[in-house]
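Student: Below: one structure in structure tokens.
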Amino acid sequence: MDESLSTSPARAPLLHSLRHAHRTAFNRMFAAVYFCAILVLLHHHALKLIHSTTFGSFLISLSFLVSDTFLAFLWFTRQCFLMTIVYRDEYPENLQKTLLLKKSSSDFPALDVFICTADPYKEPPLRLVSTTLSVMAYDYPTEKISVYVSDDGGSQVTLFACMEAAKFAYHWLPFCKKNNIIERSPETYFAANHSSWFFDTEEIQKMYECMKQRVEKVLEKGKVGEEYITEELERKAFSKWADHGFTRQDHPTVIQVLLESCKNKDATSHLMPSLIYVSREKSRTSSHNFKAGALNVMLRVSATMTNAPIILNLDCDMYSNDPRTPLHALCYLLDPKLMSQLAYVQFPQIFHGINKNDTYSCEYKREFRCNPLGLDGVLGPTYVGTGCFFNRRAFFGGPSTIVPPEIPELGPNSVVNKFIQSQPVLELAHKVAGCNYEYKTKWGYELSEPSFILYVFLVLGAYGQDLLEFMIEEGTVQNWWNDQRMWMIRGLSSFGYGCLEFFLKCLGISTYGFGLTSKVIDNEQSKRYGQGMFEFGASSNMFVPLITAAIVNLVSFLTGLVQVLRGSKMEGLFLQMFLAGFVVLNALPIYEAMVLRNDKGRIPFKTTATSTCLALALYGLVSLPLTDSN
């Protein structure tokens, strides 16, 4: 798709356009030269391996060949992100003109929003409230929006937070639209330093603070007290948790309609979006498939209630920084030349609260800003699990043919002509949210050598090109350095353990399983993060390979330095010291956390001792064949 696309008439305004990056030609030429250099280097390693005279030299040559072959494979797979880089521009104002000139807002497709959460203590409910309110306040026909909150933890605290969001939305939605607020997440809006406030801002903020206090008190108690229940419908909803058999791992389906767009109106008498709380049935005897299983349930439940052709899924701690976000997505999803073949539109994820130099590389600039540009020029960016607008048809067999589900009402072309709180709709919604529904269905299924010049070119070329891509996408040198450092850290910790767990699970061996990351930090952690300090305080075996590698490279670098000081030729040691020194430079925060720090973020002594013993064992093991060969 190399041309600008428009709506069907030739004179209709453009919905979006595409342009190629100027650096694409350079990337292709550089890749050709770099590939030739790799072939020369691997040929050199093969010759060294063939002509090895000792067992020690054979092992060294083999290790170089294997490691460089693996690195070459990684480089090769990276090139798909660089061969066809494209940028896109949307024109939502033209979309509005095109649709509004026909009849009215009825031409806008309905939108179902899925927001996923699983634990109110690791994913604070107030962030869920802000996320929910930010999408309810979109610049989009409110009667076309239905927001589904998936609570996979089955917590009454989460339901209470959703009820509070529904009440606050009565005032928040008209406030945002009347004053044309851009930041429609209340948490973000009230935290920002605004140069000017509106006359009713203080009143809205007081409402928000009162709501915040109620949610926090309920979270602290772990249950909803009688003093917070004001209506009989609320009492009936929370009565399900009174059953002593109700736990997060074992409980019935809970579906609560908190707002219905055809009935509920805001403070200015405008219709509000629908808001539905869903907690699917859980049973210890049935596999729930984590977030993927929750999204499957949301797809079915929403089909029974609203069945919007467009679906947006979000995590509970996100919000759209542009209230016109759905219009940007529709510039592609409603293009007649694309809509029959387009499965989804993936938006990049932007992280807030990151310190100046992004110590942990939590911005994921490469995954969310650099790589998608290259994938978009091939077949399209990958789905990253959130911030994505889907064409509902894509879940039912593809663009040309529809694979009908077991229940006709779940199909993408089914029209919901009943109220979402009607008895037939609620019964079907509870049925498809059951933990056994998917059974039997289609759901879920060297050493002064010429090769040194090659190494210099390959290392500097790869890192230089990566830095260039990073800087083009508004990164800094320090951000990039922390990003590539984190790749080393993850590769020797979480990535390795993740691969091991995957293979063990494939063999049917019990593993640790999935654990939800806590999003709550204390003041001391926050202070250390602001100073750019790494956290190693958790006593985890995951750190052992990382710290062992840091110790091995430090000892290797110091050993080589001692040999140089004793008069050994630097040319024979330079490459080894360069590689070890590079790892040492990246591992400086690890050494600091081992011996210099006294705060709670330092590496536990047990982990340091274990890693040291393992490093000594590796040195002893490697020295045996080298001693024999001498």
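Backbone N, Cα and C define each Cβ position, glycine as well.
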Student: Scan 55-76, 451-472 against TrEMBL and say which stretch is down as transmembrane segment.
Tutor: 55-76
Student: For Glu123, Asp152, Asp315, listed as binding-site residues, tell me which one has the smallest number of other Cβ atoms within 10 Å.
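Tutor: Candidates: the binding-site residues Glu123, Asp152, Asp315. Fewest Cβ atoms within 10 Å: Asp315.
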Student: I need to check the long-range neighbours of the transmembrane segment (603-622): which residues 6 or more away from its ends have a CB within less than 8 Å of a CB in the stretch?
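Tutor: Apart from its flanks, the transmembrane segment (603-622) reaches 536-537, 539-541, 543-544, 547-548, 550-552, 555, 590, 593-594.
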Student: Would you say the transmembrane segment (573-591) and the transmembrane segment (536-561) are in contact under the rule of three or more C-beta pairs closer than 8 Å, pairs 6 or more apart in sequence?
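Tutor: Judged by the Cβ rule, the two regions touch, with the required three close pairs present.
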Student: For a quick check of understanding: among the binding-site residues Lys122, Lys291, which residue's Cβ has the most other Cβ atoms within 10 Å?
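Tutor: Of Lys122, Lys291, the one with the most crowded Cβ is Lys291.
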Student: Rounding to the nearest whole angstrom, report the longest C-alpha distance spanning Lys122, Glu123, Asp152, listed for UDP-alpha-D-glucose.
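Tutor: 13 Å is the greatest Cα spacing among the residues binding UDP-alpha-D-glucose.
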Student: To the nearest whole angstrom, what is the C-alpha distance linking Asp152 (UDP-alpha-D-glucose binding site) and Lys291 (Mn(2+) binding site)?
Tutor: 8
